[in-house]
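Below you'll find the structure, written out as structure tokens, and then a few comments.
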Ligand SMILES: [Zn+2]
């Protein structure tokens, strides 16, 4: 253990400083997101869009599944990374209306690593893969849209037709969906 | 020394016993002297962050210990619910600044003590402000604020040829409490584990699976979360975000949560619980604050005087059931994003000619770096700027034009810091540009 104030009487004053060129330092959250973004390894069905290239904390992910119920659709998610990243997960919302058991009409997404199972070792890439998987394997066990989940469990053909109907734009049950074919 | 000799001879007798003679628990290098007390009283400058439950205790402890130059910073105002434990505040102080009221209380009661209040956010001040202190003590309840001040103290470190200049270290003593649990820790920025090194130790906020909240609620908290996350954005009764301090908002959430809990036969939704869940309040226990603050103040004293070996370096305390304490050495993380980066200096021979693509070549080709896909960002006028990232198509397109600009055209200056992310390192490397001056020094 070092003995700290052998400099006991030394008086520190604000005025003299080795480097005070008013440089702001990047926060740990900022550094970490820079690292995450630089190392994003997107599957070929995914794409990102940064409205402002200088702001890595806010961007969109576009998923165009090439297999499963949702092939030919185009789904947009917004990511907002907070100052406490990676201690807290980013806030992710689905901006496209989608008929999906794990996504509701307000764009809330039920994906465990976005909430209760988030850990600081996870990255943006982990979330991208998690979201992509939701489109390949919608999970009726953890529904946010209960009707869709029930249809998926009881009648897969009807579920597939409903997904198609929603993606082309139109009503499924009482809910209207905007067209989201790519 | 002369001024406080007479009266204080007695008043500080107990400190003299510790500081003017060696003892069995003295630091091995401790040299007893009468100058140490003088240092505490005249020179040593402390910053207390937070004037809440812990802050009130800390200010009282430090002032009575003899520290005279204390600054306190807090952005909050006093609320009725603070008065049971934040004992520097009275009924008539409700609505006033915590920092200001606490400072004037101490200054009134402790003769000779000069507490300077700062009624603002810690983020409102820059390096010049923080550099003036010998030690920083935190009584905070927010991880974001802890990480911010931690990052600030790290940025004040001075490295010369990769060696840390020890006089640039400002120790941080961090206290925290949650109900009957608490911790006290000593951080020597750049030397021992920092806040970011040990982020895993902070329990994440309690979060419930969204689908449970939506479909199979079992706890009163599930019902409240449902209203907060799903029902509020849908119905948006006031066309705004939830304001935890607005009684109307809380009442609305309370009523809706109660409806939902009745629907699912769940008992236990109360107005107070709603307030707690919405504002994320953990009940505060006065005695825990007192214990943790006393520990922190003792560590401040040990570090300021070098009279005793400081805590190494993390103590957890729990008085739920009897008293339990445990001390361990939190380890510095080798790839900590906050404290492991020693800024490197890169000499730029011709800043007027050098283009960003030349700089990229340096990172990829020079033997010292040998990077694969460096992504470069910097800060210009306090704002983050992405210089170039090749891996993301959309950013690459937007930053490609930077490649052919010179460093000067990009707004980079002598001393600018560039963050470099690359596959080859778990860290983001921080590189400080040093522009060679064209003319010989005048
Ligand atoms: Zn660290």
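Glycine is no exception: its Cβ is also placed from the backbone N, Cα and C atoms.
In TrEMBL this protein carries:
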type: ACT_SITE; residues: A:110; note: active site, glycyl thioester intermediate
type: DOMAIN; residues: A:28-172; note: domain 'UBC core'
type: REGION; residues: A:1-26; note: region 'Disordered'
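On the 0 to 100 pLDDT scale, the model's mean across the domain 'UBC core' (A:28-172) is 93. Other Cβ atoms within 10 Å of the Cβ of residue A:110 (active site, glycyl thioester intermediate), summed over all protein chains shown, number 24.
Secondary structure from DSSP puts residue A:110 (active site, glycyl thioester intermediate) in coil. DSSP labels the residues of the domain 'UBC core' (A:28-172) in these numbers: 49 helix, 27 strand, 69 coil.
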